């Protein structure tokens, strides 16, 4: 990979292909579409752009002259399309270190046990705490009158557990991950990689192109044809693109709200057990203890992510065994009557006896599956098969036994509708179980907090949330992160919900709304993935959609009925988050589109000439820009505002790649901008998530110059190996001054004023032979190469200046009122208070030139 990355810096990679089946009638349209427009996919045939072909091998070509018109129209052809991407941008994400994260030899038996414990702690912590409060909230809405009421509620809980977490999430949704990343944003990213539906200014497309390059031939089927139609519908409809983005923003807002409610509900329910052990304990005591525990939890969150994270795994294992053990104990003590609930007819009896109250209790029933979305969101830590095995073999059986035991207790003690779990614990084991329940509640809260960190990390990378400081707490696992600002924001919000509601029933009402909102979004996105990517049979797709969407809408209607009882606070909270994400995405997209439109064209650079229309002063100018392609507009301002520009210009883009550390030899990638006489380069500075960017500026400059010199040397070798026929037709005409002639005949100018006046020392560069003397082309090219390297060395000795653009984004004067309000005030506030993209670079003020221009969008 290192060799490939190095080679790609000077020579463009062959583009990867995306293949699809189209009818013969559509081929001409595809060819025309491929030829017109900038940035659109162009069809590529066997001989070049714009063609189509039946097979790459001539032996497979078939003569179709004898076919009639119908057969010719029915025949399917394979068209391969080339996505319009910048392969220098693609290469910026490919690091040899990326291969080191998946080493199958590391997974021995000891590591398997370690992963099993970590899976319990990270993935299943939230769902494992649900037996504490599910029946409490359900029977708060539906009073227990007879045994059938308990059996009906238990049957509803059991089949909800089987359908939602097991069938939907564990067996289906987990496979909708994006290279191991889970969550609602991961599904949106997966869809965007397979169809051009993204409205997000995302510049990182390397992973998508890697998928395209790993091509597999697909035979034409009904599912493939349906997938193509769905793709075309999504790509051609702006309304569908906006709807997909709106749904993912709404789902993210509900998921973050769910993460705020989870600690409040879990800890408050666990501490409420104190009323069973100490009947005189008041609710105020419960609330104060809950607040104290949450403050301790979030204060240790950074260390719990990696330092003491291995401790919670055994604790959760003991907790699940405790749930199963208490259930078995209650079943043996009160009888096996609870097993009748496996008969789904008891659900019908449950609704038949009191339909309205049964419908209201559905919101409480939904609490038994809280944490289902966390299973998917925290998937990035573990393999899918491992999570599935742990849920089926341990988590689900223990949860079922826990609910069966509580139901057996309720059948014998129908007058105990509060704190059912703690009331069903044998007296001798009460206090150990109480302490363990509180510990499990804290672990469940930690699970959701980690899931929120992952979700926000994905949304930040896709430009849908303001940039925040992300701390990676593990060198081995990229997924273990900590976001300080979000951590304290979650603590404040969680404490606010506890102080506002003070009871598990009111918190549970808000909890149900958040959980079901995320589930509905997941169902919609998985359905699209089934049609577009998996190419699933339409009967299976419709069965999945109708079954789960109808159930979730019924649950959602029940949850909305409790808006006045506490759900309103969560909806207000989620609306605020949704507004922040919408404003940031809207403003970022307008800013990005504006920068793309204002880029300086290469034609303008050619007209300016190698001097760029100004003086070229000795030195190295590092222009920082978030745009990887082209010349940023701010450079034009530097040309007009500054009396001179540096002799060497490097456009630097800082790129974070998903590896722990990038080797120094692969830190920088270079590419020339215009011809060699301009001395302008594009550079991608790549950093892993554990690399320290606070490098001393001298170190950074030294590494950058070394990388630039290696790039020029490698480029020289590649050019010397080209044939005489490979002359660059776009080469700039030479101007008087120092001329370098390559062995292949290519002529390029080094006509910067600095180089014209620059006379390298005799010690560093050999004397140029006389023109009348026959020259060895290789020797002559070596001398010219040394001349350019000496030119770079002298520019480095003159010093480096960092040119940074920090624009002020404003709406145009003729914009409508809502746009002015959004951009000029809300987006400006978020932008001024978020983390800048290059803030982590340690740049001395003496070498820094920062410009704040007003950019109207």
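Every residue gets a Cβ built from N, Cα and C, even glycine.
The compositional bias 'Acidic residues' annotation in TrEMBL covers 54-71. Per TrEMBL, domain 'K+ potassium transporter integral membrane' is recorded for 115-602. The annotation domain 'K+ potassium transporter C-terminal' is assigned in TrEMBL to 618-851. The region 'Disordered' feature in TrEMBL is assigned to 1-74. Per TrEMBL, transmembrane segment is recorded for 113-133, 153-176, 243-265, 285-304, 316-336, 356-379, 391-411, 431-456, 477-501, 513-534, 541-560, 566-587.
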If we skip the immediate neighbours and take only residues 6+ beyond the ends of the transmembrane segment (356-379), which ones have a Cβ under 8 Å from one of its Cβ atoms? 122-131, 133-143, 152-153, 156-157, 160-161, 164-165, 168-170, 173-174, 177, 180-184, 255, 258, 262, 265, 350, 387, 391, 399, 403, 444, 447-448, 450-451, 454-455, 479, 508-509, 511-513, 515-516, 518-519, 522, 554-555, 557-559, 561-562
Decide whether the stretches the transmembrane segment (285-304) and the transmembrane segment (153-176) have at least 3 CB pairs under 8 angstroms, with pairs required to be 6 or more apart in sequence. no
Top stretch by Cβ pairs under 8 Å to the transmembrane segment (391-411) (candidates 113-133, 243-265, 541-560, 566-587) is 113-133
Recorded stretch that, among 153-176, 243-265, 316-336, 541-560, has the most CB pairs under 8 Å to the transmembrane segment (566-587): 243-265
Taking the transmembrane segment (513-534) as reference, the highest number of CB pairs under 8 angstroms among 113-133, 153-176, 243-265, 316-336 goes to 243-265
Between 0 and 100, where does the mean pLDDT of the domain 'K+ potassium transporter C-terminal' (618-851) sit? 69
